[in-house]
Amino acid sequence: MATSIQKDSKIYIAGHRGLVGSAVLKKLKEKGFNNLVYKTHKELDLTQQEAVQEFFKKEKPEVVILSAAKAGGVVANNTYRADFIYENLQIECNVIHNAYLNGVKKLLFIASTTIYPKNASLPTRENQMLSGDLEYTNKPYAIAKIAGLILCESYNLQYHTNFIAIAPTNLYGNNDKFDLEKAHVMPALLRKIHLAKLLSEDQDEEVLKDLNHHTKEAFTNFNQAKEYLKSFGISKNSVEIWGDGTPTREFLHSEDLSEAVLFILQNIDFKHLYEKNEKEIQNTHLNLGTNENISIKELAYLLKKLIGFKGELVFNAKRPNGALSKLSDCSKINQLGWQAKITLEQGVKMMYENYLNNMGGGDLNKLDFTLSLYQNLFQLKFLTYLQTDGSQSSLKTNLKFSNHKRVCNTNLSCNFDNAKFCRAKAA
């Protein structure tokens, strides 16, 4: 039997505004957990030891979900190397140590598959951690995440805590970060191709709207905006993509991750992650993924088709590829009872739909939802979303409501403009 987590157990979600934390918070609310604690970075800086100590002494959470981290794509990892290792180590040490000092029943630390060697065999099992050299571009971040995993394991072995670490593959979802400089590959590609489409359709106001939504710098002049986008390889005719497109990646939707977090909280303890007769207990973390991967080139063309961009994708082989291949062996968590459900095709549709509804830029009426099933290399089969009455307004309303239902199921505040469809509107 796993440690009992009740609906009124005090659960602290560290990093609740990020891709992972927001999905977990939403899922916990959906499932009726009603004693949730979360703080913004301004309210609680997790890199500050004294602030974290005071928070744990005051709040005394029973469960901690540590999703807070400094994260980003290849460019950010390679540029801010010191920041990535220093800040992540600070967060992990402060939260994990204070969870131990304050008797937290269960802690779930969310790491990443960057912990594995660049030449790890595929699919990669948990026991391959520390078996070879790490990918250079994200080595500082990876070392910090490895330290977090070993911190959890070491506290468990020395102090008999119940700290569990998971290593999800590349994550994406409805609250991703779309910063062109710092974003991970999925949101970066999606936004670059989306902006190129707007440029190709001369939607100047929508380009400015998108930039001003996502960028600290204020853009009022369209020529200034075009020059800014040009620096990222975005034009009306083409999109530049770093690398030659051959590296493969595995992607997990944040909704699937949130289901995994809930499953682990309710069903898995540290004692379930090793054999009783093991002399050296190590590599007790859990891989999370889909057991499927896709090349960056395939992904880019999938997004291009979904978004409806007619221009060219230019792969710049002079830029770094990052790790050549990534695919997790998820048999350990699968055998314990969890499996991913959302396909990549479903997930990217959900992500782009959410981007248009909530992130600014684009016209939902013009969105081409001929979604690729992408069954074989560059072989596309399309689903056409037909309207029964033939009206564009009906399509827009239906798509808005489809996305809106996922929001309202969380019991968060509702801004949907058609109250009759919404259970949360009156709340």
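Keep in mind that glycine also has a Cβ here, set from the backbone N, Cα and C atoms.
Straight from TrEMBL, the features:
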- 11-270: domain 'NAD-dependent epimerase/dehydratase' (DOMAIN)
- 15-21, 110-113, Lys145, 168-171, His184: NADP(+) binding site (BINDING)
- Ser112: site 'Important for catalytic activity' (SITE)
- Tyr141: active site, proton donor/acceptor (ACT_SITE)
- Lys192, Trp242, Arg249: substrate binding site (BINDING)
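Taking the features listed in TrEMBL, we show where each one sits on the structure.
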| residue | record | contacts (Cβ under 8 Å, 6+ apart) |
| --- | --- | --- |
| Gly15 | NADP(+) binding site | Gly21, Leu66, Ser67, Ala68, Ala69 |
| Gly18 | NADP(+) binding site | Ser67, Ala68, Ala69, Ala71, Asn175, Lys177 |
| Ser112 | NADP(+) binding site | Ala71, Tyr141, Ala142, Lys145, Ala167, Pro168 |
| Leu171 | NADP(+) binding site | Leu19, Val20, His184, Phe251, Leu252, His253, Ser254, Leu257 |
| Lys192 | substrate binding site | Leu180, Phe232, Gly233, Ile234, Val239, Ile241 |
| Trp242 | substrate binding site | Val74, Val75, Asn316, Arg319, Pro320, Asn321 |
| Arg249 | substrate binding site | Thr169, Asn170, Val185, Asn293, Ile294, Ser295, Ile296, Leu299, Lys326 |
| request: Using all protein chains in view, find how many other C-beta atoms are within 10 Å of the C-beta of Pro168 (NADP(+) binding site). | output: 24
| note | In all the protein chains shown, the tally of other Cβ atoms within 10 Å of the Cβ of Gly21 (NADP(+) binding site) is 24
| remark: Taking every residue in the domain 'NAD-dependent epimerase/dehydratase' (11-270), the average pLDDT works out to 96
| said: Through the lens of DSSP with three states only, how would you label Gly18 (NADP(+) binding site)? | reply: coil
| request: Mind giving me a neighbour count for the residue listed as 'active site, proton donor/acceptor'? Other Cβ atoms within 10 Å of its Cβ, every protein chain shown. | output: 27
